[in-house]
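The coiled coil feature in TrEMBL is assigned to 476-503. Annotated repeat 'PPR' per TrEMBL: 156-190, 225-259, 260-294, 295-329, 330-364, 434-468, in sequence order.
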Amino acid sequence: MSTKQLYRKIHRLCSFQPIYLLTNKTTPLFPLPIQNYHRQTHTKSDGFAANVAEENCALKVQTLLKIEANKSVSDIFQSLNQCNFALSEDFILDVLKRHRSDWKPAFTFFKWVLAGGYPPKTGSFNEILDILGRMRRFDELNQVLDEMSKRENLVNERTYGIVINRYAAAHKVEDAIEFFYKRKDFGLELDLIAFQTLLVCLCRFKHVEAAEFLFHNKKNEFKHDIKTRNIILNGWCVLGSLREAKRFWNDIVTSKCKPDKFTYGTFINSLCKSGKISTAVKLFQTMWEKGCKPDVAICNCIIDGLCFKKRIPEALEIFREMNERDCLPDVATYNSLIKHLCKIRRMEKVYELLDEMETKGEGCLPNARTYAYLLNSAKTPEEAIGILERMNKNGCKMLGDTYNLLLRLFMSWDNQDRVKSTWDEMERSGLGPDQRSYTIMIHGLFEGGRLEDALCYFNEMISKNMVPEPRTNLLVDAMNIMLKEKRKELEKKEMTKKGKRNENTR
């Protein structure tokens, strides 16, 4: 469908306000006349034992649905009847959540629940709607909505958000707009918040052009505040279309709506990502001049953008102004500066900032990312060990990525004792080894000429059902060829030695 045709369709939907009927051409949701066979219980679990029993029952249903996946719906219903489960809202949700990526057993189970007369609450209906929408089973989704419409007070704002979001994700723009008008059928208001939800979902899945057209089309119906305009601006920015974002920014500035902190922050972030840091800095200064005080997130965006462009003195100046203007920096502010200062080896300034973070304490304490930047800049094992000691002293816990970084560093320094101790500690902590850990070991050992050890790690990795990177597979193929040639050379040398011994014997 062309853009012009889409606009015409949206215009038709906007100008026409029918009471849409839910789908009635689909097959009935409950085709089987089944008696009320469920044993009703309280919806709240009674203590830990009840929770465990409920989880066991949910697991039993999951197993049953998997085993009988190829059987007819009536056969599955019969098998579920024989289990005589005590249904509750938590139990139904548990079973549904176990099938978030497999709509068919989830839908079969939900039909069985409803066919037996148990009345699920809104949470269960919303969960099955989300599952069906994720798998793009919109016929079945509409059947569930039909069932909800027959019951009172089931459809809520969460229901609306789920359906709109899933239509937008499936690029069904017209269906998403139609469902906006169906709110009346469910007793929901056609208000500004619902309209903004529709725009957010359309923009989230790259239908910004359609969202903006809808925004302009409904100007008279809804009083558009700056929040509505921010949604469209953010949509263009996330889409990466700086030209359209600039155009819409100018529309906001020339309108009666005054840009707020979010408007500035969204556009500044887009400018920084597009490399237009000078324009972003000017807009940042305009915020201060107009009395719209930037928050720490906006300041961080400017600082990181300046550092990326190697304009670190300017970044440090803004950092200093933050403290003076009572916009206190957070750990992300310090991390941006430390990351780029480490790259240019301004280690004196790095450790000055690190001391400042530790002094300020909560909210600014160095985290695993801070120490990762420091470790990356380490030139010797002793320097890395010192950073680890400082990390431990400040109570910062190790992450799997930190262990992998240490493995890479110690391998590059050929410090095998530290490699082994890091590997052992990682195993004890339960944070590894993962696929990245094995990749580091295999490539590091290959570079060190220890081909047999590298292959041992590769075999161990495969035994744990980890999928190697393509480059690792190529390296292993090369190692096998090299080892084969090496064995041939050894055999040849051995044969030569044996021949010489035989000649000497004669």
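Counting starts with 1 at the first residue shown.
Any Cβ shown, glycine's included, is placed from N, Cα and C.
Residues 226-227, 229-230, 233-234, 236-237, 240, 242, 245, 249, 252, 301-302, 304-306, 308-309, 311, 314, 318, 325, 327 of the same chain, all 6+ positions outside the repeat 'PPR' (260-294), place their C-beta atoms under 8 angstroms from a C-beta of that stretch. Remote same-chain residues near the repeat 'PPR' (225-259) are listed as 192, 195-196, 199-200, 202-204, 206, 208, 211-212, 215, 266-267, 269-271, 273-274, 276, 292 (criterion: CB distance under 8 Å, separation of at least six residues from the stretch ends). Tertiary proximity for the repeat 'PPR' (330-364) is limited to same-chain residues at least six positions away from its ends with a CB under 8 Å from its CB atoms, namely 296, 299-300, 303-304, 307-308, 310, 312, 315-316, 319, 322, 370, 373-374, 376-377, 394. Counting residue by residue with DSSP, the repeat 'PPR' (260-294) contains 26 helix, 0 strand, 9 coil. Within the same chain, residues 400, 403-404, 407-408, 411-412, 414, 419, 423, 426, 475-476, 479-480, 482-483 sit at least 6 positions outside the repeat 'PPR' (434-468) and bring their C-beta atoms closer than 8 Å to a C-beta of that stretch. With DSSP classes pooled into helix, strand and coil, the tally for the repeat 'PPR' (156-190) is 27 helix, 0 strand, 8 coil. Confidence for the repeat 'PPR' (225-259), expressed as mean pLDDT, is 94. Residue counts for the repeat 'PPR' (434-468) by DSSP state, with H, G and I taken as helix and E and B as strand, are 26 helix, 0 strand, 9 coil. Helix, strand and coil counts under DSSP for the repeat 'PPR' (295-329) come to 26 helix, 0 strand, 9 coil.
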